[in-house]
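Enquirer: Features from Swiss-Prot:
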BINDING   Asp64, His66, Asp92  Mn(2+) 1 binding site
BINDING   Asp92, Asn124, His173, His248  Mn(2+) 2 binding site
ACT_SITE  His125  active site, proton donor
Amino acid sequence: MADHTEVDLDSIIDRLLEVRGSRPGKQVQLLEAEIRYLCTKAREIFISQPILLELEAPIKICGDIHGQYYDLLRLFEYGGFPPEANYLFLGDYVDRGKQSLETICLLLAYKIKYPENFFILRGNHECASINRIYGFYDECKRRYNIKLWKTFTDCFNCLPIAAIIDEKIFTMHGGLSPDLNSMEQIRRVMRPTDIPDCGLLCDLLWSDPDKDITGWSENDRGVSFTFGPDVVSRFLQKHDMDLICRAHQVVEDGYEFFSKRQLVTLFSAPNYCGEFDNAGAMMSVDESLLCSFQILKPAEKKQKFGRR
């Protein structure tokens with residue numbers, strides 16, 4: 001383990017940001033000891049903060065990033081680099097994209113630097129059994145070693161699961177759970193924890209809304225459930241909330257409303273995997289809880305940032 005006094009956090013952030021303006025794909029190879037420091041220090045902060053975060057607006061919320069590091073940099077260029085704005089990320093930082101390491105390292109570095117202004121939740125890909133398969137393990141093994149992947153797993157197992165903004169906006173990676181009756185159930189979950197195959201924690205990271213159903217139904221993913229607009233309305237009414245904000249699904253415009261604007265899906269990886277022609281979006285919540293969207297067009301289109 002590196003002696004933490006030797007590690008220069010500002011230098012790590014500077015090197016990660018140095019590639020702004022370089023050709024997308026240029027890598028930043030931090031020292032293994034520096035990455036271990038990021039994982040260990042961030043883990044301490046996650047554990048010291050609640051598993052169900054209670055946050056205040058104004059805040060900017062981002063959905064899946066999936067290793068698209070240069071798009072993450074574009075999001076910050078658009079929304080303001082921390083601490084210019086407060087941020088909440090909804091999970092899925094690793095896998096599928098080419099630069100999971102830079103992506104997660106910058107997010108962890110900002111978490112350590114600005115622990116009260118920068119927040120990241122756990123996605124279903126911040127789980128060893130998933131990121132072992134979809135790219136992160138291979139990237140760690142290729143660029144560093146398997147032991148480092150295990151260090152990330154220890155860190156991911158301590159990430160918070162959900163956040164409530166000003167008691168009115170409920171955010172998580174996936175969606176609601178048929179097992180969720182009270183917020184206290186989330187608060188009681190002990191960390192470190194893996195993501196189980198079923199139950200509350202699994203659903204919060206895996207479930208999806210479905211406009212064509214009533215109640216709960218099985219999910220095509222083979223994990224968790226889907227839930228209808230009636231479930232969303234009942235939940236918000238019961239908990240006196242206004243909006244559910246989640247990620248987990250690619251949506252064409254980067255954001256998509258559901259159930260009469262009672263739920264919004266955010267996806268922040270434009271041109272996802274190079275296979276989709278989707279935009280990416282970031283949701284800005286102002287002090288009065290008014291939500292607006294900032295759109296990142298797919299980079300390929302050679303357009304600067306569009307707004308809508």
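Placement of Cβ uses the backbone N, Cα and C atoms for every residue, glycine included.
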Enquirer: How many other Cβ atoms sit within 10 Å of the Cβ of His173 (Mn(2+) 2 binding site)?
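Expert: Its Cβ has 26 other Cβ atoms within 10 Å.
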Enquirer: Any idea what the Cα distance is from His66 (Mn(2+) 1 binding site) over to His248 (Mn(2+) 2 binding site), rounded to a whole Å?
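Expert: With distance taken Cα to Cα, His248 (Mn(2+) 2 binding site) is 11 Å from His66 (Mn(2+) 1 binding site).
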Enquirer: I need the CA-to-CA distance for Asp92 (Mn(2+) 1 binding site) versus His125 (active site, proton donor), whole Å please.
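Expert: Cα to Cα, Asp92 (Mn(2+) 1 binding site) and His125 (active site, proton donor) are separated by 5 Å.
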Enquirer: Using the centroid of the Cβ atoms of Asp64, His66, Asp92 as reference, list every other same-chain residue with Cβ within 8 Å of it (recorded Mn(2+) 1 site), in sequence order.
Expert: Gly63, Ile65, Gly67, Gly91, Tyr93, Val94, Asp95, Arg96, Gly97, Gly123, His125, Ala247, Phe267, Ser268, Ala269
Enquirer: Other than Asp92, Asn124, His173, His248 themselves, what residues in this chain have Cβ atoms within 8 Å of the centroid of the Mn(2+) 2 site's Cβ atoms?
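Expert: Apart from the listed residues, the neighbours are Asp64, Leu90, Gly91, Gly123, His125, Gly174, Leu205, Trp206, Ala247.
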Enquirer: Only counting partners 6 or more residues apart, tell me which same-chain residues put their Cβ under 8 Å from the Cβ of Asp64 (Mn(2+) 1 binding site).
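Expert: Within the chain, Asp64 (Mn(2+) 1 binding site) has Cβ neighbours under 8 Å at Leu90, Gly91, Asp92, Gly123, Ala247, His248, Val250, Phe267, Ser268, Ala269, Tyr272.
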Enquirer: Near His248 (Mn(2+) 2 binding site), how many other Cβ atoms are within 10 Å of its Cβ?
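Expert: Excluding its own Cβ, His248 (Mn(2+) 2 binding site) sees 25 Cβ atoms within 10 Å.
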